[in-house]
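Annotated in Swiss-Prot:
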type	residues	note
BINDING	S63	D-glyceraldehyde 3-phosphate binding site
ACT_SITE	D112	active site, proton donor
BINDING	H113, H229, H268	Zn(2+) 1 binding site
BINDING	D147, E177	Zn(2+) 2 binding site
BINDING	G230, G269, G270, S271, N290, V291, D292, T293	dihydroxyacetone phosphate binding site
Amino acid sequence: MGIFDELNLPAGVLYGDDVLKLFQYAREKQFAIPACNVTSSSTAVAALEAARDQKAPIILQTSQGGAAFFAGKGIKDSAEKREASVAGAIAAAHYIRSIAPIYGIPVVLHTDHCAKKLLPWLDGMLEEDEKFFKANGVPLFSSHMIDLSEEPVEENISTCVKYLKRMAPMKQWLEMEIGITGGEEDGVDNSEVDNASLYTQPEDIWQIEEAFRPISPYFSIAAGFGNVHGVYAPGNVKLHPELLGKHQAYVSEKLGGKDKKPVFFVFHGGSGSSKEEYREAISNGVVKVNVDTDLQWSYLVGIRDYILNNIDYLRSQVGNPEGPNKPNKKKYDPRVWIREGEKTMKARVEEALKDFNAAGTV
């Protein structure tokens, strides 16, 4: 028995109550779903293929920078309208929606880290969501993430409330962040923040729950428990996933104590974390774990090794160790070397699915 049997979910991109059911099931069964940042059709299919082969759900997400890359680096992305990142995110969404069903797994289609300066990007996507919802009864994206963790708590919550009210009629999921994740990722740089800012307080979690619950049940919280974006050796990041358990207990008591884990938590900045740290966080209600930095590296590894191993076939179009007139087209065809990156990225996603207990849940 698994997700399809117990929850009656479709293959392909999920929306609304199906997303809620998936996260409830993950929290109950103590697994988390990797959220893979994708920047192209190639990175998207690598993650989908990994999830298919591991019989697991997957979350595919685009950051603002990743979405702009999807549209093309030659397109202007103005601060006022974010034309390229809006168009790129929409293009990625339609592409993923089109191919996800043939992989036979549940997929959540998400956008990542929308800071205050990037809200025009979110506005543009929500306009498209509303048009799509009017025509199809579901939004284009399953969910969006707003990251106002650098702003005052009151501003963070009130802004998210405004957007949640807009998203609620579409039953669209909102992920928000409270407590700063250190380090730097995709233009959001918190590498110089005070360490105390890396730990969210239980009162903040309750303030969010109290504000959001009357509007919609479709939300999750990326809380800070020492998380840091970027690349760090194991042991160099001091995580305290036990704090998430204390947050759950605090909110549970406020709600009457019936539900012992009422909060959906998200784990950001996990590079260098141990399997034990991941699993402790998952046991405390983490249902989504962001995976970006490691996937960038893993994708490169396959391409790098292919080039190094075939360098004598890649110096010219004609001529190689087999003869001066031998063609090299089969070696430099992009479908060959890009596929090598997909293979190594796929392997890293499969590792994450196993580490987060998600493998075999479909």
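A Cβ is built for glycine as well, from the same backbone N, Cα and C atoms used for every other residue.
Residues within less than 8 Å, Cβ to Cβ, of V291 (dihydroxyacetone phosphate binding site) and separated from it by at least 6 positions along the same chain comprise P34, A35, C36, N37, G270, R348, V349, A352. Neighbour count (other Cβ atoms within 10 Å of the Cβ, all protein chains): 19 for T293 (dihydroxyacetone phosphate binding site). Across the structure, H268 (Zn(2+) 1 binding site) and N290 (dihydroxyacetone phosphate binding site) are spaced 5 Å apart at their Cα atoms. Counting every protein chain shown, the Cβ of S271 (dihydroxyacetone phosphate binding site) has 21 other Cβ atoms within 10 Å. H113 (Zn(2+) 1 binding site) sits 5 Å from D147 (Zn(2+) 2 binding site), taking the Cα positions as reference. Across the structure, D147 (Zn(2+) 2 binding site) and the residue listed as 'active site, proton donor' place their CA atoms 8 angstrom apart.
Within 10 Å of the C-beta atom of D112 (active site, proton donor) sit 25 other C-beta atoms, taking all shown protein chains into account.
The secondary structure of D292 (dihydroxyacetone phosphate binding site), as reduced to three states from DSSP, is coil rather than helix or strand.
Between the CA atoms of N290 (dihydroxyacetone phosphate binding site) and D112 (active site, proton donor) there is a gap of 9 Å, rounded to the nearest whole number. According to DSSP, E177 (Zn(2+) 2 binding site) sits within a strand segment. In this view, H268 (Zn(2+) 1 binding site) is surrounded by 28 other Cβ atoms within 10 Å of its Cβ, with every protein chain counted.
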